[in-house]
Structure formats: structure tokens, C-alpha cells
Amino acid sequence: MALASSINGVDLINVRQHGRQFCPIHPLVNFRNLKIRRFERVIRAESQMTNPRPIVVKPEIDFNDPDWKKKFLEDFDKRFNLPHLRDVLDIQPRPTTFSLKTRGTLEVGNGAAREDWNGFVSDDDRALLKVIKFASPTSAGAESIDPDCSWVEQWVHRAGPRKQIYYEPREVKAAIVTCGGLCPGLNDVIRQIVLTLEKYGVKNIVGIPYGFRGFSDEGLSEVPLSRQVVQNINLTGGSFLGVSRGGPSTSDIVDNIQAKRIDMLFVLGGDGTHAGALAIHNECRLRKLKVSIVCVAKTIDNDILLMDKTFGFDTAVEEAQRAINSAYIEARSAYHGIGLVKLMGRSSGFIAMHASLSSGQIDICLIPEAPFKLEGPNGVLVHLEYLLKTKGNAVICVAEGAGQEYLKKSNTTDASGNVVLSDIGVHVQQQIKRHFKDVGIPADVKYIDPTYMIRACRANASDAILCTVLGQNAVHGAFAGFSGITTGICNTHFVYFPVTEVIASTRYVDPNSRMWHRCLTSTGQPDFE
């Protein structure tokens, strides 16, 4: 029986309970090629991380079965079906109060939208999850399901306002909470959620201060929100509501939701926050509460599955240009100058890769997914010697999670349970200085760490637009009766995903992808393995 990869590009492997080991290659599948080697590199990189993410292995598929595609699609549709309040409650919808042609208040005509407005999304609308048909498993970045790279249509739910809603807006109390670390665009999303809720007719909107902590700390009170309160919060960075990691137990949070009579909870955060939101959603379902839990994916690392990008990422890449340009100027202005920039990216190197591509000034880009050697004839340090001899200077960009195998493990975690990483930037800086001292070549190394600068700034225009749409769609999803979902952009279309699917594992840079190949072409760096 040949094994099928997941739709997320997790390749053909078998993971044993107490470790990772490749399964024997099935005779039907000649996968001793770039696709297997690519994933072997990802596995090695992951095993070197101090906080590895789980690898999700989907059920095996027998490709000899003529109905395998039908069974695959049935499983896909089941997994991507959006959880709804109707699943556990006997509730009926009412006509929506959302219409851009509505001029009256809720008291006029029961707030019903005008029938002649054609701006609603059908519940049956779908968007394609994958749009490329790969001709061969050896194609760069190929994410094939079967050995023949069959085209299988995988459809996900389109986001947007529905004609039918499952709440009376005048009776709704909605709450917003921002969790984890800061990210450009948080205030933009908060603002749009509030504005859209008011468009539906919701009057009771509150913010939960400082993440999930705000549900338990007696010293933290709800923050009343309205158009007047949030009108200009998008002009600054950070979170108007504050952020924090960790928090009370799921049961305590749901107890608090009941006590506060919250009907909708909008959760802004990364994969850890999404996992917490899913637990809250499940507890609400167990208690048969009419509460919609809707997430908006927030991470500048861009490491959330299935989505084109997450808000804050574009701004982070743009802000990183300042640090890279400073490093370039320092390197160019010094005799044998070397500029070293460390960027965020615990387990995924998207910021480092995109910042390197966009700057055009990077000679070496190091990310967690592409293992590298510092020493030896094929190592980074020897290549630096070559760059100094041929160019006279060099600029290096390294993601914070890269090269952790060279560092002493900290064995400590933050409040979210993430292992605290050792500083690869300082280590590389010290190794460069030591190496060039040993070989007798002068080198002037300048190290720049803009970590918190790139996440505390205001969202740029691209992210501001993305945040606007995500905030609006989060409200549309809640009023449509969905819960345990997140909203994002997929192949340029805005969609809803079940939270269970986006937290299945972390999204990584594919070392065999065209984007990573483009980065290598731009930097001109060799293989450092």
C-alpha cells in the first residue's frame, strides 16, 4: 500500500511513536528523488530545533483502489467542514441585518437587509485550496497526493457575509482578545471587528485586556469598545488591548465567558493561541453554549498552515529592510566589513528568506529548514573568506531558530510553552571573529538584532488592507453561526478554515520550493551542508 501525503505537503513518511524513521519505499512509488530528499532535509532541520512541531500523518490510502480519490475527498470534506452552532443546538436563523444599502436602524423593519443588494456569500461558495497541477513528484515544490500527481480538487469555504444569521444583534455581547506577542496590524483588526459588529447592530462590545489573563485576573476589567474608542487606534503599533502569554485553564475561561454573558469571542493570535481557542470552543460545545469562537491568525513568522500569508508579515519584512540596509552600509564602509542581521523566525525562516530576497544585499541567508555547517571546506566561514577576497565585504541574514544544534540548550520555556532559544546571532558573530583571527585575515563584524523593532511598528498599507478584510470576515463568520474557525487568505481568496486543520503542524519553508531557490539565486550562496 502506498502512503499518501497530507494536503499540506507533508510527504510520504511514517512516524514511529518514539521517533522519526522513514518507511520502506513502496514499489509503486519511485520516490527516491528530490521529494524524499527534500523532506529528509526538513526532518533533519526539525530534529535540530529546540521546540519541534508535531508531524501529522494522514490515513493511508490504497492507490490500487479505483475509488481512492472519492474516499480522499470524502475525508477532506469531513475534515474541512466548518463547525456550526447547529451541530449542538436547535436554533433557527433570521434574515441578516448586514447590508451596505441599509440606511435605517435596527428598529426599522427589524433591521432586515434590503433584498435587492447582491453582496452576500452563499454557504455553498468554495475556493480552491491548491491551484497548481504538478506533472511530476520531482517538480520543484511538488505536493502530490498520489504517485501520478493526479489533480484532485480540494475546496474550502469562502468567507463573507451571509443572508441568514444566527444571533439577534441587539442581544449580542461580543468580546475581543489579543494573545501571544505583538504583531503589526493588531489594532487594525480590533478596529474592523468593532466597526463591523456595529454595522450589524451590536451595541455591547468589550475588549479582554492582556490576553487570556484578562479572564482570570481580578485587577483587569473589560474595556468598552465602540467606533469612537477604536477610530484611530490603527495609527499606532502594538495592541490597544495589551497582550500576554499563558493564562487560566480552559474551564475557568469558559466559566468567565458564561458569567460575563459573552456570545461571541474573537481571538487574535498564533498557533498556540488557536489551540487555546479550540479548547474553549470544545468546552462551549460540551456545555451546549450558544457562543461563537472565531480566530484571526496573527504571526509575523508567517508559519500558519494553508494561508498565503498572515497579517504583520509584510510589515515585518519591510521593517527588516532598515536593519539589513544598516548592516550593508556598515559592511561596505569598513575594510573587510561583515554585516550580520538576526531576524525573527523560531522554526520557519519566511521573514529571513523574504527579507533577503527583497533587499538584494544579502550574501548568505540561514534559516532553520536548511541545515548548514559553519566549519569545513563547504561551511559558511570559508565562503565568507571567499566573499571578502572577491567583494571586500559581506552581509549575512540569519533566522533566530537557525543553527540551534550548535548552541547549548536553554531548557527553559516561556509562558506559552515555547522553548527559549539560544542566540544564534551572537554565536555566529563570535565564530566569525574567531575564524578570521585564526586565519590571520582582518574582519570588521557588525551585529544588528532588530527583533522587537520589527513587530512593534504600525502595519504598512498591504497589511492594513489584509487586517481590514480579516476583521470583517471574522464578524461575518460569527454571525453565520460558525465556531472553532479561523479566517485567512488562500490563493488570493478569503476563506474560513476549521482551527483543527491550521494547527495540525507548523508551516515551514520548503527547501525545494521555487521561492527558496529564488533566494539562493539572489544571494549566490552555495550549499553549506
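Placed from the backbone N, Cα and C atoms, the Cβ positions cover glycine too.
Just so you know, TrEMBL annotations are computer predictions that nobody has curated.
Among the features that TrEMBL reports, domain 'Phosphofructokinase' is placed at 174-476.
Among the features that TrEMBL reports, ATP binding site is placed at GLY181, ARG245, GLY246, GLY270, ASP271, GLY272, THR273.
Close to ASP271 (ATP binding site) in the fold, though at least 6 residues off in sequence, lie THR299, ASP303, ILE304, VAL502, ILE503, THR506, each with a CB less than 8 Å from its CB. What TrEMBL records for ASP271 is Mg(2+) binding site.
The site 'Important for substrate specificity' annotation in TrEMBL covers GLY272.
Here MET453 (substrate binding site) comes close to GLU319, ARG322, ALA323: these same-chain residues lie at least six apart in sequence, with C-beta atoms under 8 angstroms from its C-beta. As annotated by TrEMBL, substrate binding site applies to THR299, ILE300, ASP301, MET344, GLY345, ARG346, GLU400, TYR452, MET453, ILE454, ARG455.
Take the CB of ASP301 (substrate binding site) and look out to 10 A: across all protein chains shown you find 28 other CB atoms. Per TrEMBL, the feature active site, proton acceptor maps to ASP301.
In terms of C-alpha distance, the listed binding-site residues ARG245, GLY270, GLY272, THR273 place GLY270 closest to ARG455 (substrate binding site). Remark: of the binding-site residues THR273, THR299, the most isolated position is THR273 (fewest other Cβ atoms within 10 Å of its Cβ).
Between GLY345 (substrate binding site) and GLY270 (ATP binding site), the C-alpha separation comes to 13 Å. Annotation for the binding-site residues GLY181, GLY246, GLY270, GLY272: lowest Cβ count within 10 Å of the residue's own Cβ, GLY246. With respect to ASP301 (substrate binding site), the closest of these binding-site residues in Cα terms is GLY270, chosen from ARG245, GLY246, GLY270, GLY272. The CA atom of GLY270 (ATP binding site) is located 17 Å away from the CA atom of GLU400 (substrate binding site).
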